[in-house]
Amino acid sequence: MDTRPLIGITMGDPASIGPEIAAKALANPEIYALCRPLLIGDSRVMARAFETTGVKLNLNPVATPAEGKYAHGTVDLIDLPVVDMGTLQWGQVQAQAGAAAFAYIKRSIELALEGAVDAVTTGPINKEALKAARIDFIGHTEIFGELTGSHDPLTMFETKGLRIFFLTRHVSLAQACRMITRDRVLDYIRRCTAALEQLGLVRPKLAVAGLNPHCGEHGLFGDEEVREIEPAVQQAQAEGYNVSGPHPADSVFWHAAQGRFDAVLSLYHDQGHIAAKMYDFERTVSITAGLPFLRSSVDHGTAFDIAGTGRASAVSLEEAIRVGAKYAAAFRRTR
């Protein structure tokens, strides 16, 4: 029996670097040692990506995951030929590309909900292309949340063992500050802890970052820590959660990277993004927690400016596949 986890990998926007990085990642034999990769995309686009990148691989279009060979040298592919190859252009925002990317995601979700794949790893998509296709989502997390019926799924970054959650994401900084409430922080402490346990961590140590310089120095310059964050942390501790904070944001991520904490709850988008990407930009992986299955993703965009040149690095996608494979077994046991 093959015990390697079966990972469904979406090709991403077909006009982007997604097909090229998929080709490069699946040319790496290490990926096949870790998992059984199943690409979900378009065989015609992938054939073009093979030419562009110069990789020597065979395509094996399949109707179901059970038909895959999962051996290095052959790319098993759920084939969804929904784009017009005559009009598809590298590096351009196109409605048909946005619609195709959404179709790949939707099929990956169906396979995961059926239990046909153990986890999903996603390639890059473009928000403008989704909008052009009249698909009313701003990103992967929202799509996965809606199509799985999951309430407010969590985003977690993993960068070489450093794990970061986000209390707020795609809102203005002013709005993010207004959203830092006792109830929201407490809810996220509970849910982040549950997510870490689902990944196999036992009694995980969670640190909550502060908002203001030096955590506001007891209200001298900003009172969000005293008014909202500290009461939430104290309530969570009373409930038995292994949480501490608020910790100064200029040092808490370093302490987590050194192993003092299992994860950090950052308070707004750039607070966590800067920490992760400065630590290792290419190896930052996004994980969506709070879904019925595990989802990992590259943490970069479609890079239209270099699409079709063969220059795009597959490091982030390879790392996303590795992380998905690493956590798949533990996630399956706790589901």
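From the backbone N, Cα and C atoms, a Cβ is placed for every residue, glycine too.
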Would you identify which residue of His140, His247, His255, His269 Swiss-Prot lists as part of the divalent metal cation site it also attributes to His170, His214?
His269
Look at the substrate binding annotation in Swiss-Prot, where His140, Thr141, Lys277 are given, and name the residue from Arg107, Arg163, Arg295 listed for that site too.
Arg295
Please give me the binding-site residues out of His170, His214, His269 that lie within 10 Å of Thr141 (substrate binding site), comparing Cα atoms only.
none
So, three-state DSSP: helix, strand or coil for Arg295 (substrate binding site)?
strand
Site with most surrounding Cβ atoms, counting all protein chains shown within 10 Å, from the binding-site residues His140, His269
His140
DSSP output for His170 (divalent metal cation binding site) maps to coil
Per-residue Cβ crowding (10 Å cut-off), top of binding-site residues His170, His214, Lys277, Arg295:
Arg295
Alpha-carbon distance [His269 (divalent metal cation binding site); Lys277 (substrate binding site)] in Å
12
